[in-house]
Amino acid sequence: MQPPLKLFTMQLCTLLTLVVSLVAAAQLPLVQAQRIGDVDGDRALHAGLPPHIFQQMGQYSPRYLVGHDSQMAPPGCKVDVVSTLERHGARHFTDGALKRAKATVTKLQASLKTAQRVPPEMAFILDAQLQKETSSLVPYGALQAWYSGKTAAATYPELARSTPFVRGSGDVASGNDRVILTARYWRLGFEGHPFPTGNISTSDQVRNAPNLPQTDLDISELPGKNNTLDVSTCTAENNLPASQGEDGAQARYGNSTVLPTIGARLQEVLQRAGAGAVNLTYTDVLNIGNLCSFETLGRASVVDGQLRLDGGRISPWCGIFRDNEWSIYGYANDAGKYYGAGYGNPFFKALGEGWIRELFARFESRLPAPGASLNSTLDGSSATFPVPDHTRVFFDGTHDNNIGPIAAAFGLFDGPKLSTDFHAERAPHRWVFSQIGPLQGKITFEKLSCAGSRSPYLRVRANGAVQSPRGASWCPRPDARAAQGLCAVDVVHKALAFVNSNEEWAKCDA
């Protein structure tokens, strides 16, 4: 039996511990416990889009919620700063991609015109007309961005009380505005405004919507401009032969797998139909997959904030592939981005280090050191590079070929090297680009403080999925909170110390 004084002391200590815990918890924003109904508009944006198709399109997949991880901070923790890196929303084909797609359509039309029995799934091709506009943000992409901003405000209600700093990338005067418009629609959703009313069915309507808020800063993408959101000043990387990048990887896998499987089957279908001689290439096959995405998303409209697919259904181009062929198409895009904008690019660290340097500077409430791809004029002023405490939410708009190197430089989605051999898609691989940089894809970096810990923590969420620090190169010394997806900020800084030097960037001029 304990002596009365000792028993009283133990009870008092227990009571004090409970009080301290309650006080600490009271300092955390209880509103963060709110549940978000449709995270990032996932249900609304994917109504009518079969996942076995639209989640296997690589960079041409529309963003989808990966897993069902909680958007809330772990118990006992609160988010102090959030920096979200987001690709532009769905767009039209680029000029070059549209020309290649038209060439494939023309080839198929010429062959089918002489067919004795046109296959039912190909009948529409005879009269197919592609959209003429290029590169512009489409209504579906604007709705993606609006939902993203709306979800961000609901996820971080305490931080949403402060004004976010929103950066775009591009040049409105030259018509290169898809990233900038994405940023503006993100802000529209974040600030709680409704999506523009009426039937929005064209890119011009997206541009000219009334009362659309502005970005805080747009960084030019003109040649020679330093821009961490669109790095184009790494000379050695620019001079890499195409065979070492995205085109080369797709050619190798295209010839090893795409053409002998999907291509051979389509060739046989045309021959059985009595169509004219046609020599399909792997590029033609990939173009057919691309058309499924661009013709479906590009023709969709938004009516009073509600998505409307053209004719209420996906494009007939989606019916050319069999269900089991979409994984082959998707892997061709994965492999392309692995070698063009990921771990297979010898300059991925140089391309990604500039933005990560900015991220660390924000988390430390300071201006970043100049060098690498940073724009020293913009990053050298608190007016164009604000830091906490006044600003605690940061949005950066970017492209797929920039979000890929940043993810790789940070150490995300690292795994086995992607092969381009026959049926390489069957091997396990972590670099799945539809989960990294799809249309309006997002990687969110959070700085958190937790009760009982002096060191701040970092958590990474990619398209909704918390990235585990366990076994990750960016967190070599995980602690007990790794199970919650957290890694101490100082551990991450040490693991990625290269971003604060210019050693990797120096290779760009070697």
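Each Cβ is built from the backbone N, Cα and C atoms, and glycine gets one as well.
Here the structure is a predicted model, which means the values were calculated and not measured.
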Check your understanding: Can you tell which of CYS77, CYS234 is bonded to CYS450 by a disulfide, based on TrEMBL?
Key -> CYS77
Review point. Given the recorded positions CYS77, HIS88, CYS318, which one's Cα is the least distant from that of ASP400 (active site, proton donor)?
Key: HIS88
Point to revise | Proximal residue to CYS450 (disulfide bond) among recorded positions HIS88, CYS292, CYS318 (C-alpha distance) | key: HIS88
Review point. If one measures from the C-alpha of CYS77 (disulfide bond) to the C-alpha of CYS318 (disulfide bond), what distance in angstrom results, rounded to a whole number?
Key: 45
Check your understanding: Measuring Cα to Cα, how many angstrom lie between HIS88 (active site, nucleophile) and CYS292 (disulfide bond)?
Key -> 19
